[in-house]
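Pulled from Swiss-Prot:
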type: SIGNAL; residues: 1-24; note: signal peptide
type: DISULFID; residues: Cys49-Cys270; note: disulfide bond
type: DISULFID; residues: Cys192-Cys240; note: disulfide bond
type: DISULFID; residues: Cys221-Cys228; note: disulfide bond
type: REGION; residues: 230-271; note: region 'Disordered'
type: COMPBIAS; residues: 246-255; note: compositional bias 'Polar residues'
Amino acid sequence: MKQGLIGVLALALGATLLSSAVWAKTPWQEIAHPVAGTPQSIGSFSNGCIIGAQPLPLQSLDYQVMRVDQRRYFGHPDLLAFIHRLSTEVKRTTSGNVLVGDMGMPVGGRFSSGHASHQSGLDVDIWLQLPRQRWSEQQLLKPQPIDLVNASGLNVNPRVWRPEVTTLIKTAALDSDVTRIFVNPAIKKQLCAEAGHDRDWLRKVRPWFAHRAHMHVRLRCPADSLECQEQSEPPIGDGCGAELTSWFQPKQPSSEAPEKTTPPPLPPSCQALLDRHFAAR
């Protein structure tokens, strides 16, 4: 019981960090509107920005957008098109509504907390639940995640795991614009067990810390975004063997203090974007 409570508290804390507005703002969070221009994703997913970002339409029959008060629903047009494709197909196959979490800020850039990536307009968090009934405005502003992983962290919780979660993740992975989908290792383990002979899509599904209630979907660099830095391809194979097993091995405690890291220099085009914005104020 104690372990279960710890798991619930950990999930709640994670959700609080992701949605907190009390942290000090970064310069990027002070820019309220996209920069006009031909859409261009610049830099890397964890050190970049975007010109010509577009807001995801907040009204759709197939998806709902959460925490709109935080204005994290901007992205490259390719990302908006992916969300439309995903939600349309998932609605057709499951009758459920896709819940869209954080995308990016109006010009991308670094968050003060919650995300290291989501900076170049090509990342989106999709919650791993598909409600048949539309959520109210209050539910969308204060969404309640469902922790799909049990207290041990070794397996999904069978009481809350649903087959349509596999459908949701697989549908996203089969999209040609998607390069990676980050989920909790226990969720990846469950997907490996359910996949059967059709396993190629599992290559894109990558185990990562947390991600107990949502998947983080990342798209490839758009062909015409010449300053976008592509991530290397995932390793060959379904990722269900030794690589996945390593996530469940006991971690050896380190005797060394963690090194303090400083953010890398911005790509020149992103620094210029910031400079122009604040010079005009």
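Glycine is no exception: its Cβ is also placed from the backbone N, Cα and C atoms.
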Quiz item: Are there residues of the same chain, six or more positions away from Cys192 (disulfide bond), whose CB falls under 8 angstroms from its CB, and which are they?
Solution: Leu202, Asp238, Gly239, Cys240, Leu244
Practice problem: Fill in the CA-CA distance, Cys221 (disulfide bond) to Cys49 (disulfide bond), as an integer in Å. | Solution: 13
Practice problem: Using the structure shown, find which entry in Cys49, Cys221, Cys228, Cys240 (the disulfide-bonded residues) has the sparsest Cβ neighbourhood within 10 Å. | Solution: Cys240
Quiz item: Could you state the CA-to-CA distance between Cys49 (disulfide bond) and Cys228 (disulfide bond) to the nearest Å?
Solution: 9
Quiz item: By DSSP, how many residues in the compositional bias 'Polar residues' (246-255) are helix, how many strand, and how many coil?
Solution: 1 helix, 0 strand, 9 coil
